[in-house]
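All remarks here apply to the structure that follows.
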Amino acid sequence: MDEKPAVSESSNGSDVDSLSTASAYEQHRERLRDANPQGVTSHRSGVNVKEAEEEFSELNRQFSTISHQAHCLSKQISRASKPTGKTEDVERSDSPADSDEPWDLETALRGNRDAETAAGIRSKRIGVIWDNLTVRGMGGVKTYIKTFPDAIIDFFNVPETIMHMLGYGKKGKEFEILRNFRGVLQPGEMVLVLGRPGSGCTTFLKTITNQRFGYTSIDGDVLYGIFDADTFAKRFRGEAVYNQEDDVHQPTLTVKQTLGFALDTKTPGKRPLGVSKAEFREKVINMLLKMFNIEHTANTVIGNQFIRGVSGGERRRVSIAEMMITSATVLAWDNSTRGLDASTALDFAKSLRIMTNIYKTTTFVSLYQASENIYKQFDKVLVIDSGRQVFFGPASEARSYFESLGFKERPRQTTPDYLTGCTDPFEREFKEGRSEDDVPSTPDSLVEAFNRSSYSERLAQEMDAYRKKLEQEKHVYEDFEIANQEAKRKFTPKSSVYSIPFHLQIWALMQRQFLIKWQDRFAQTVSWITSTGVAIILGTVWLRLPKTSAGAFTRGGLLFISLLFNGFQAFSELVSTMMGRSIVNKHRQFTFYRPSALWIAQILVDTTFAIARILVFSIIVYFMCGLVLDAGAFFTFILIIVLGYLCMTCFFRVIGCMSPDFDYAMKFASVVITLFVLTSGYLIQWSSEQEWLRWLYYINPFGLGFAALMVNEFKDLTMTCTADSLVPSGPGYDDMASRVCTLAGGEPGSVIIPGASYLAKTFSYFPGDLWRNFGIMVALTVGFLTLNLYHGETLQFGAGGRTVTFYQKENKERRALNGALMEKRTNRESKDQSAANLKITSKSVFTWEDVCYDVPVPSGTRRLLQSVYGYVQPGKLTALMGASGAGKTTLLDVLASRKNIGVISGNILVDGAPPPGSFLRTVSYAEQLDIHEPMQTVREALRFSADLRQPYETPQSEKYEYVEGIIQLLELEDLADAIIGTPETGLSVEERKRVTIGVELAAKPELLLFLDEPTSGLDSQSAFNIIRFLRKLAAAGQAILCTIHQPNSALFENFDRLLLLQRGGECVYFGDIGEDSHVLLDYFRRNGADCPPDANPAEWMLDAIGAGQTRRIGDRDWGEIWRTSSEFEQVKREIIQIKAQRAEEVRQSGGSQIIVREYATPLWHQIKVVCKRTNIVFWRSRNYGFTRLFNHVVIALVTGLAFLNLDDSRASLQYRIFVIFNVTVLPAIILQQVEPRFEFSRLVFFRESACKSYSQFAFALSMVIAELPYSILCAVCFFLPLYYIPGFQAAPSRAGYQFLMVLITELFSVTLGQMISALTPNSFIASQINPPIVIIFSLFCGVAIPRPQMPGFWRAWLYQLDPFTRLISGMVTTELHGRTVSCSPSEFNRFQAPENQTCGEYMLPFFERGGLGYLADNTTQACEYCAYKIGDEFYSAFSMSFNTRWRDLGIFLAFIGSNLIILFLAVSFMSPRCRLRYKLIYDIF
C-alpha cells in the first residue's frame, strides 16, 4: 500500500533544513533554481513547497540503504520529539529562535515514500470528477419557534410522533443546497473551495467525500477514478475522508493515546522493510507531534468543558493529525485552520501541498480566512455563491477572471478575500464606469458568465480528457486496488473497508476503553465513593439481619435495593452513548472500526470495572447484613448483581442508539424503567399483578434478578417466628398447637418457617427459578447487545444540509418595527455610513501604567503581564495584538476588572482617578465566546441589555429606539426576530458574533468598549463587517479597545492605534499606526526591521518580533528595544498629560457625569425584567417542559393501572403504601432536568452579572418563579391518575391534603435541584451527587425499613432529617386512617382453638389487651384471623400518627424554605472564582 504517514506541517522556520551546511544549501538551491526557474517560495516559510517535486529525484539517490534509513529516521524523529508532559499551551512554548536542532518535514516524507517504494508498496492515486452535481436538503426556510403547548399538541399526533421518535418524519421544506456543480481534480492536485458561510462549502466537501447522510437527495455523477460513488462507498469507504470543523475526541485520552489508537486501526499490513508495527506506530506519532509543534502535549489529556486539557488550537491540530493517519487518497478539510495562528495555518497548507505532491493525493480545502501565501499553495479554486458554482479553474487565473467581469479590487486585498467578496452584494465594488447592469451580480448571472467563458470550455475539455485517461490508465486503478488490499492486516476480509480484522478492532477498542475508564479518575472516584458509601449505609441500616420473621420482609428490601442501585448505575451509559455518537460517526467514516466492535469492546471492559466495584459493594453488604453464609450463595449473589448491571447497561445503550435525541430517550426510558420497577415483584407480587402486566416479568432484568436473589437467599434459610408475629400472643397463650405465625408460609403449631415456603406463599417463587432466571437474564443481555450492535451499525443520527433558523411570530408591534428597519436598509449601500444617529458619547479617557499581573503556580508565581502602558481615548479604535499566549485576553481581563485570582499591580485610572464603583457597569466587554440565552430573539437580547444596563431614568421607549438603531448598524434587520439558538441549530457563528457585540452596544457604555477576538472563526467578509462596524462606532465617539488575531491589510487599516505584545506579556509597541501603517513601519525600520512593500504589515510585524514559528528579526529583544525607545517615553508623557487634562475638565464640570451605583436599575425592576425573560425562555423550551410533564403522566398512569381499583384486603394496605412511595421517584426525574437547565442559565448569568446587569437574587428568584407553573401542572397531572385510578379516598379533605403533599414534593424537588446545581461547578458533578441523595431520602423515610426496625444511630437523626419522612407519614396516615380492612381468603391465618372453646372465647383476652386484627367468625373452633381491622393498626407499626399530618406538611414546607435559603446564599457567594476552586479539585482526580 502507498502508506502515507499522518503528517501535515513543519514546526520550524527554516526553508531547507535537510542540508547539513550553508554551502551545501546554496549549491543545492542553485541547482534547483536552474531546474525550476519559476519555482515559488514563500517569505520566511517553514516549509518549501515547489522544491518538493524537484528534490524528490535528488533525494531518491541519497537514500541508498532503505531499511537502514527507515530505522535511522525513526530514531532521529523519536529523539527530536520526546514529549515533555507539560500542560502549557503550545503558543506559550519557546519560539523557534530558542529551539534546538531543526527538523525538516520534506526530508522525512520523502524518506518514508522512498522506503515504501523500495518495499514494493504500490502507489495509491485516484482523481475525482463530478458532473451536474445537485444536492438537496431540509431547512433553510423561515420556521417559527414552537412552544410548550405546541409540544403537547404535536404529541397527540401519534403517527408523526412515532416517526419522529424513530428519526423519520417531516423536517422542513426541501431546497437545493448545491446545483449543477461540475469539475475534476486529478491526483496530486489541490483545490481551494471559497464561499461565504452558508453558501454550500461544507455540503460540497461532504458530498465529494461520499458523506451523504442527512441530505434528501443527491443527483448527478461523482466518480472516484473508474468507480462510481456507490461502488466506492462499498469497497473503499476509508479512501475518501472529511475533516469536520468541530473537534470531537475522547476527553480523557492524551494526545499520544488518541493518535496511537488511530494508528492501531490504520497501521498497514505491508510496511517499509525492517519496520515493525510498534516502530511504525511510534515513528508516525513522533512525526505528527513534531510537525504540529505539540510534543509538549503528548501526555496531556484532550479535555473538554469539564476536564482541563489541551488548548483549543492544540485540539484542532490533533484533529488534523488524526485524519492524516487514515492514509486516504481523497481528503477534504473544512475550515481546518480555525483557531490556528497565521504561521501554523500557513505551515499546514504547505504540508498539504508537499503531501499532495509526494503521495499524489486529491485534496479539497475550504478556508474562511486564507492569506495570499496560503492561496499560492493551491492548483485550482472553486468559488461558490448561494449554492451555485460560479468559478472553477486555475487558482493563478481566478483573480484576473473576476476582474474581467468588472469587479474592482481594493488595495492590499488578498485573492481569497477578493474572490469571496465578489459574491457578497455588500462588499463587492465595480470598476469605474461599471455597475450591476453590466456586471454579473446574482448567483445565476455569475453562473451564466462562467458558462460563457473560456474557463468553462477548458473545464469541459479537461473533464473529457480525464474520462479518456481513465480508460487508458486501468493499471493505475489495479494498483490502487492492490495497494488497498496490501494495507489490510492479516485475516481482514478482502471485501472489508477496514484495515484490520474484526477481532483486532475489538482488541484496540478494549485497550482504548480501558484507558478511557482508567483515566477518568473523577468519574471513577465518584462512582466508587457512591457505591461504597451506599453499601456501608445499607450495611448499617440492615446490620446483622435476624433469621426471624422480623427480618423476612426487610431481607427482601435489601436484595431489591442492592439490585436496583447497581442496575441504575448503568444509566450513565445512555448519556455517554448519545454524547459519543459524534465520535463514532467520525471514526466510522475514517473506517477505524465497526460500531459493533465498539459495543463489544465496551461491554467487555466495563464488565471488568463493574465486577471490581460490585465485588466491594457485595462484600460490604453481604457480610454486614448477615446474609446466608454460604460460598455458593455469596458468589451467586455477586453473579446476579453483575448480570443485572450488564443487562441494564446494554438496555440503556440500546435506547441511546435508537433515540434521535436525549428528550426522546428520556421519555422512552421513563416508561420502560417505571414498568421494570413496578413488575419487579417487590412492590407488587407477581400473583397480584394485573393480567396485562405479568408477561413483562419475563423480559424484566429487575424482576428476574430479584426473584433469583430471593431464591438464592431463602431457599435454604430457616426462619424463627418472633413473639410479635405469633397469634395469639401474651399471657395465657403458651400452647403452640393453638397458635400460628402471621408470616406467610407459617404453619399452625410451628415457630419454624422454611424460606422456600415463605417465597412460594408470598412471591410465588420456587427453587428452580434461580438458574432459569439466570439463563433468561443472560439471553436478555445478549438480546440487548444484539440490538445494540444492529442499531449501531444501521442507524445514524445527525444533521445534514443547513441548520434551521427559527423565528418568533410577528405581532402588530414587531411588524411595524421590522417594516421601519426594512425601509432604512437602502442606506446600507453607502460605504461611508456613519453611526452618528446613535448618539454614542464617551468623554472619559482610560489609562494604565506599569500594569503587571502575577498568578500562582505550583513553583511559586508566574508573571503574565510585565509593565504595560497605554490609554484609550474617545473616538479612537485601538488594536491589541500579539502571538497566541502573549497575554492579549489577560490584559483585557485585567483592564476590565474581570480577573479574580492573582496579583495586579500598576495604575489603572479613569480620568486620572481610580475607577468608580460603577466601573463594571459603565464598561462593555464583548467576550470571545458568544454566550447567549438561546431561546431569546435577537431583538429581545438587545432590549434585555438596554433595559438593565442603561440608566433607569432613561425612558424605555428611548432605550428600545436605540436598540433598533443597533440592529440597523449591525445589519441584523432580517434576524431581528430570529431565535439565537445554539451554534448547531440557530444563528451562524458570524451572526452570533454580531449579536454579542450588539448586546454590549445596547448597554450604551459610558466609558469604554472592550472586544476580545471579535473576528475569531469568521470568514474574511464577516470579519471585515465587524471591524467596519467598530470603525463606525469610533467615528461616533466611542472608545474601543479590541484584540484581533492576524488581520489582513483591509482590516488593519481601520485601526487608529496599536498595542503590540510579545510572549511573556511584554509590550513591544504602543502608538499610532498611520496611513498605510507608515508610523508603525517607520518604527520597525528605524530599529532594524524593514517591511517588504508587498507584505501585510499586520502579519509581518508579528513575524518580525518572533511571534510565530519564525525567528525574530535582529539580535535584540523587541521588548527591550521598546523600553529604551523615545516612543515609550513619549507615551508616558502623554499619559501624564491626559490624566492632568481630564482631571481638570472633570473638576471644572463639577465632577464626573457617571452615576456611581452598582446596578443601573433598582432590584424590583431587575426582578421584573429577568423574570419576564426567564418565563419566555421556559415557554419556548418546549422539550424541557413537555418531557418533564410526559414523565410525570407516564409514571403516574402506569403506577395507577398497575394498582388498579385496590380493594380493602390486607395486601392492598401494603400496595397503597407502595403507590404513595412512588411519589418519592419525583426527585429522580426532576433533578436530571432542572440541574442542566439551571447550570446553563447560570453560565449566562455569570456573563451578564460580570457587567452588573442584575443581581444574584434577581437571577435565583426568576429561576424559582419560572418553574412554578410547570411544577403545578406536573403535580396536577401526576396526582390525578396516581390517586384516583387505584381508588384512594375521594373525600375532599383527604384528596386535597394528598394533592398538597404531591405539590410540595414537586416544589421541593425543583428547589433541591436548583440548590444542588448552585452548590456544584457543573451538572456532571451534580449528577454524581443525585443518586446517593435520592437513595438516602427513599431509604430512611420509613417504607423500605420501618422506623422501629431502623438502627438507633440512623433513627435518632437521619430519619428525622429526611424530608420524605414527612411526605410518607402524612400521606400514609391520611389514606389509611379509618379504612376498614377485609382480608381475602388467602390472607387469613388459620389455627385451631383449644377444645371446648370457640375462637371468640379463645381470642378475647388477646383483643382486650389491645391485640390487632379481627376474627372472621367468633363462633367456630377453626379460627380464621386477619392481622388488621382498620388501616390505623397497619401504620401504627411504622410509628406514624394521623394527628401529626398537618405538622408533617408544615415541616415539609420548611424543607423547601431551607432549599431556597441555601439556593440564594449559594448563588450570591458561589462566584466563578469559587467554581474555579471546585474545578481544581475536579482536575486533581
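One-based numbering along the chain as shown.
Keep in mind that glycine also has a Cβ here, set from the backbone N, Cα and C atoms.
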N-linked glycosylation site according to Swiss-Prot, picked from Asn132, Asn1222: Asn132
Matching range for Swiss-Prot feature annotation, region 'Disordered', among 1-57, 400-456: 1-57
Spatial separation of Asn1396 (N-linked glycosylation site) from Gly887 (ATP binding site) - C-alpha basis, Å: 102
Assigned element (helix, strand, coil) containing Gly882 (ATP binding site), judged by DSSP: strand
Local confidence of the prediction over the domain 'ABC transporter 1' (163-411), expressed as mean pLDDT: 87
Integer Cα-Cα distance in angstrom, Asn335 (N-linked glycosylation site) to Ala883 (ATP binding site): 21
Positions on the same chain near the transmembrane segment (522-542), where near means CB under 8 A and six or more residues out: 307, 554-555, 557-558, 561-562, 565-566, 569, 609, 613-614, 616-618, 620-621, 624-625, 1325, 1328, 1331-1332, 1335-1336, 1339-1340, 1345, 1350-1351, 1353-1354, 1482, 1485
Fewest-neighbour residue among binding-site residues, criterion Cβ within 10 Å, set Ala883, Ala886: Ala883
Listed in sequence order, residues with CB under 8 A of Thr889 (ATP binding site) and six or more positions away: Gln928, Asp1012, Glu1013, Thr1043
Candidate nearest Asn451 (N-linked glycosylation site) in space, where candidates are the recorded positions Asn132, Gly882, Ala883, Lys888, Asn1418 and distance is Cα-Cα: Asn132
Length of the line joining the Cα atoms of Ala883 (ATP binding site) and Asn132 (N-linked glycosylation site), in Å: 45
The transmembrane segment (556-576) versus listed stretches 664-684, 691-711, 774-794, 1211-1231, 1325-1345: most Cβ pairs under 8 Å: 691-711
Three-state secondary structure, which DSSP defines for Asn335 (N-linked glycosylation site): coil
